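Just below is one structure, and these are the notes that go with it.
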Amino acid sequence: MADTAAPANGFALAETIDRFRRSSEFVVIPVLALIASGLLFSIFLLLVGKSPVEFFSLVWRGGFGTAFSWQNTLVRASPLILTALCVAIPARLGMTVIGGEGALVLGGFAAAAIAIPMTSWASPFVVMPVMFLAAAIAGAFWIGAVGWLRHYRGINETISSLLLFYIAVSILNFFVEGALRDPSDPNKPSTAPIGAENMIGPIPGTSVHWGLAAGIVACILVWILMNRTTFGFAARVTGGNVRAAQGQGLPVGRLVVISCALAGACAGLAGYFEVAAIHGKANASLIAGYGFTGILVSFLARHNPLAIVPVAILLGGIAASGGLVQRRMDLPDATVLVLQGLMFVVLLVSETMYGRLAIFKPKGA
Amino acid sequence: MFTRKFDRRTILKGAGIGALGLSTGLSSILPARAAGLTIGILYVGPRDDFGWNQAHAVAAAALKQVPDVTVIEEENVPETISVAQSMESMINLDGASLIFATSFGYYKPFVLDMAAKFPDVKFRHAAPLWTEGDPANAGSYFGYLDQAHYVDGIAAGLSTTTNKLGFVAAKPIGTVLRNINSFAIGVKKVNPAATVQVIFTGEWSMPVREAEAANALIDAGCDVLTCHVDGPKVVIETAEGRGVKTCGHNASQAPLAPKGFITGAEYKWETIYKDYAAKVAAGEDLPNFIGGGFDKDFVQSTPYGAGASPEAIAAADAAREEVKAGKPIFVGPVKKQDGTDLVAAGASLDNYDPALDQTDYLIEGVVGSIT
């Protein structure tokens with residue numbers, strides 16, 4: 001075929017290839033990084049005398065190999081998608097917010113706290129949206145405050161969001177072990193149940209709850225906001241260079257606070273789904289580390305909202321298979337954390353490769 | 001240029017086919033599960049925590065010795081949807097037909113949901129939570145550890161010279177308060193002048209605060225320490241380091257304190273697990289609830305350490321035999337901290353009295369506040 005192609009077609013093809021070279025860089029490098037971390041992890045496994053082949057085949061089987069495994073994976077991925085957005089949105093403005101867990105905890109708590117007095121008189125059609133909003137507002141307020149402190153008081157957002165997480169946990173414990181404690185359960189301090197009628201069921205035909213759908217929708221909306229609106233453009237300019245953005249007259253303070261509030265709302269919603277789809281009440285089980293795993297997801301996705309979904313599914317699958325790996329290979333639970341840590345480090349290192357590999361450079365016609 | 005492109009494509013194709021072949025090849029070498037009974041056990045923390053989880057893991061190891069029983073274990077399973085997923089994974093992928101869910105928060109809603117979803121699988125949960133109306137294939141088992149804490153108290157009360165004993169406690173909830181009260185009753189029985197000072201850390205596992213609490217109690221003059229936290233390692237090691245005697249909790253901490261260890265309150269889940277396995281193998285139904293203490297061999301005392309004096313050993317041995325025979329621990333007069341009667345003079349509470357499950361007070365002689 002190549003022999004018969006006319007020169008003009010050859011140029012068009014070369015142009016296509018050039019375009020492909022540039023866009024493929026953002027897929028090929030992370031994939032290679034994942035493979036590299038898998039190889040490094042295999043060395044680790046060999047050092048402790050375990051078979052990497054068995055490990056990865058178990059990860060496949062436990063995370064993706066059967067219909068049940070897929071549901072298991074998606075259930076675990078759901079909260080990670082929303083908490084990853086809590087990192088990804090502020091990251092577009094050049095901020096590193098790591099306290100999404102606090103917004104999740106408070107969002108879940110707010111949803112339960114507002115539902116409990118309403119259960120006796122309001123219909124689920126009222127209670128459910130009110131819970132949803134309460135969780136989003138609580139999360140938005142919490143991380144919005146981080147943005148406000150950053151812009152108007154110059155307080156580092158990474159530190160403040162982390163410290164606010166501890167305050168959020170204290171607020172939860174204060175109410176759950178005090179005023180809002182359900183006295184019928186003497187041994188696990190929890191709020192009263194929100195009632196089965198106010199809970200949202202699974203997506204029909206699966207055991208996956210609606211948090212997955214909400215997360216995917218949120219990712220698409222955030223992508224549109226950040227890439228197809230003037231707000232998103234202004235946010236990205238601010239992330240590129242704050243002084244330039246201010247010089248252009250962009251409302252930097254408002255952009256920072258609104259973006260942080262949106263981020264917090266996403267994490268707050270993750271808390272809502274924990275309460276309304278899983279626990280049916282608020283208690284210390286909300287503090288499960290989803291907010292912190294979300295940081296990993298967002299960084300692996302390079303803060304791209306659309307990439308968050310597959311990355312969350314990948315990490316959800318690794319988490320889902322963790323149990324099978326433990327059971328079959330007699331490895332400690334921390335093994336999967338070693339894999340996650342290696343992936344994180346290798347991906348961060350691979351960040352330095354962008355624009356440096358000749359294969360991705362346009363050759364020109 | 002075209003040659004290069006074709007090369008790359010060929011390589012990619014080859015790699016793709018190779019990966020495909022590899023993955024199908026791998027799926028065929030997955031091990032099939034053994035015939036017989038497969039039991040899945042879930043732990044909320046690490047299996048070697050010198051505490052709650054280790055007590056179950058020790059029993060799981062004993063259960064593995066039973067012929068035709070396969071035990072599969074999963075540690076560090078949080079009290080979230082993860083536990084439902086892990087149970088389902090054990091059932092779907094490993095063929096487990098009996099599940100032991102060993103953490104308090106696993107029961108509601110996760111064990112209940114899974115029991116409804118898999119009516120042919122049996123679920124048993126390590127806390128007295130099962131009630132009439134819950135699924136028939138679910139159930140609870142529990143060891144009344146306060147009996148062993150009472151025996152600890154007898155030994156500890158005879159081991160103090162300052163007449164101050166320290167108790168590092170996690171959360172002021174029913175089971176914990178009951179253990180503190182039983183320990184204090186033991187202490188006061190042999191040493192009426194002694195007091196038990198309690199510090200609550202507020203968390204099941206908070207090593208920094210546990211160490212602070214242990215040090216604070218020692219600074220306040222306590223010369224025997226015990227605790228009710230998930231992993232007593234920190235408390236026992238801190239006390240040993242400062243030359244203070246200790247009583248253990250949950251599992252054996254004797255190796256952590258070669259000089260000052262007296263004895264400890266330990267669960268013996270092995271009794272229950274082996275009994276369940278035997279019943280399932282014989283095709284019998286499992287009871288929906290079982291609970292017991294020394295009488296049923298569900299709890300035990302850790303073998304005495306170097307810190308136990310001969311008179312403490314004699315008194316503790318005698319007390320254990322009495323409890324085993326059904327002699328009540330709560331013998332009146334026992335007053336609550338606020339001065340009201342818990343048990344009037346001349347009266348007593350049975351060791352399994354349901355009122356004790358609702359303990360929300362500390363007794364007189366215990367220094368420290370719930371709130």
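Note: Cβ is positioned from N, Cα and C throughout, glycine not excepted.
Note: TrEMBL annotation is automatic and uncurated.
Taken straight from TrEMBL:
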TRANSMEM  A:26-48  transmembrane segment
TRANSMEM  A:68-91  transmembrane segment
TRANSMEM  A:103-122  transmembrane segment
TRANSMEM  A:128-149  transmembrane segment
TRANSMEM  A:161-180  transmembrane segment
TRANSMEM  A:208-226  transmembrane segment
TRANSMEM  A:252-272  transmembrane segment
TRANSMEM  A:284-301  transmembrane segment
TRANSMEM  A:306-325  transmembrane segment
TRANSMEM  A:337-359  transmembrane segment
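Sequence-distant neighbours of the transmembrane segment (A:68-91) (same chain, 6+ residues past either end, Cβ-Cβ under 8 Å): 61-62, 97-98, 100-101, 103-104, 139, 143, 147, 157, 206-209, 211-212, 214-216, 218-219, 222, 226, 239, 259-260, 262-264, 266-267, 269-270, 273-274, 288, 290-291, 293-295, 297-299, 301, 303-305, 308-309, 311-313, 315-317, 319-321. Remark: the transmembrane segment (A:128-149) contacts the transmembrane segment (A:252-272), by the rule of 3 or more CB pairs under 8 A. In this chain, the transmembrane segment (A:337-359) lies apart from the transmembrane segment (A:161-180): fewer than three C-beta pairs between them fall below 8 angstroms, excluding pairs fewer than 6 positions apart. It is A:208-226 that, among the stretches A:26-48, A:103-122, A:208-226, A:252-272, forms the most Cβ pairs under 8 Å with the transmembrane segment (A:306-325). When Cβ distances are compared across the two stretches, the transmembrane segment (A:103-122) makes contact with the transmembrane segment (A:252-272), since 3 or more pairs at least 6 residues apart fall below 8 angstroms. The stretch in closest packing with the transmembrane segment (A:252-272), judged by the count of Cβ pairs under 8 Å and taken from A:26-48, A:161-180, A:208-226, A:284-301, is A:208-226.
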